[in-house]
Amino acid sequence: MFYHAYDSYLENAFPYDELRPLTCDGHDTWGSFSLTLIDALDTLLILGNVSEFQRVVEVLQDNVDFDIDVNASVFETNIRAFQTPTGMPYGTVNLLHGVNPGETPVTCTAGIGTFIVEFATLSSLTGDPVFEDVARVALMRLWESRSDIGLVGNHIDVLTGKWVAQDSGIGAGVDSYFEYLVKGAILLQDKKLMAMFLEYNKAIRNYTRFDDWYLWVQMYKGTVSMPVFQSLEAYWPGLQSLIGDIDNAMRTFLNYYTVWKQFGGLPEFYNIPQGYTVEKREGYPLRPELIESAMYLYRATGDPTLLELGRDAVESIEKISKVECGFATIKDLRDHKLDNRMESFFLAETVKYLYLLFDPTNFIHNNGSTFDAVITPYGECILGAGGYIFNTEAHPIDPAALHCCQRLKEEQWEVEDLMREFYSLKRNRSRFQKKTMSSGPWQPPAGPGTTSSENQDGTREKRPTKQKIPLLSCPSQPFTSKLALLGQVFLDSS
């Protein structure tokens, strides 16, 4: 499945952003920088194709230029423009000139709150805190803008801070804001971010949940505004599993799975009371969210029902969507008409989560039993021990790399070296003083790198031994929400 789509893109669409599988050509969508190839990079690694990964990295380095005169989605490209009175970013920015003078200040909630994972990582690896700082400010402005009943809308004016669209839910326009509060909390071991999500979770349960479905409500009153399920909401059971709420996650997942079995995919909108699709929202663009939740829940429970969903997804996509030049978006799930588009997330997310669902021994699922020890100028750094955090486009981030191998730690390591050297000298000086005050001839103490043996004439001979060099490990940080080995967070009351 992956290579049929991947090879079709390279043969017919590169260097365009996306493949058009019905006409076997390509087109630009999000910024004209070979988006599908960039999105597919780490899927190659997860599949074990290191040589192709290395080849593509070189191709992208030689051919992709981000200094171009094109308007790009801030959310979709993760390239930001945060200089507003509220600290919340615009929705679109020109990669060469910045924010256009006539740019609308109205941005969706997810477009404001979906930066902390990437930007905190960028700050850690570059040593520049500005990226994480602006992402945190944006998160806090949204938190401060919630209604009295604890909900947020889905579009806000970033200049005035006033809500423009006041429908509140867990789907389109809001989804990854909640996702990044949880994943940011795990990645950064940040209790405040987790507390913010748990507070939202209470309000969501109180006002939007009905029979394990989640509806859309008015953010100030809590009255139902749209009794629909959106396919983008199918990430929610996976997110619930990350905070250990397995029972609720499975019940909601099973609701969503019934919709899949009804149509062979998830329609963009599904009217819950009527049990059918919503007009002009009948399509399925091969989205990954339900498969993503299945992967997380299977790691947590081992429930075979989740593998059944994976099987159904593979069979449906192969039967309905596969064409000569890749896999096509399903325009209408009622009659299985196709649309001439294969979005980049199909290779970045959908196929990746399917593969990981059926590959329990993949390195992504590492439980800490294996790891790589990398020697740095300042000590040893542990990488690849597991606990990977996926961003909202399913690109994995190694938390060990974030906490161990970051430039900000270099100063700490230098200080540790100096302190270790200082206390070593102090300890040796103390031993010297004690020996000189004692009676009898002083003998040099056996240091940490030597042992002593006594000759026949009573003198001591130093014998060299293997010196033990203290290894530096990643700093441990207390956090009441700990990342479990199988991809969950269990809330610890201790």
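Cβ coordinates come from backbone N, Cα and C, glycine included.
Listed in TrEMBL:
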ACT_SITE  Glu76  active site, proton donor
ACT_SITE  Asp175  active site
ACT_SITE  Glu268  active site, proton donor
ACT_SITE  Glu289  active site
BINDING   Thr392  Ca(2+) binding site
REGION    434-474  region 'Disordered'
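Positions of TrEMBL features highlighted on the structure.
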residue: Asp175; record: active site; contacts (Cβ under 8 Å, 6+ apart): Ala110, Leu232, Glu233, Tyr235
residue: Glu268; record: active site, proton donor; contacts (Cβ under 8 Å, 6+ apart): Gln230, Ser231, Val278, Arg281, Glu282, Gly283, Tyr284, Pro285
residue: Glu289; record: active site; contacts (Cβ under 8 Å, 6+ apart): Ser231, Leu232, Glu233, Ala234, Tyr235, Gly238, Leu266
residue: Thr392; record: Ca(2+) binding site; contacts (Cβ under 8 Å, 6+ apart): Thr114, Val117, Ser176, Glu179, Tyr180
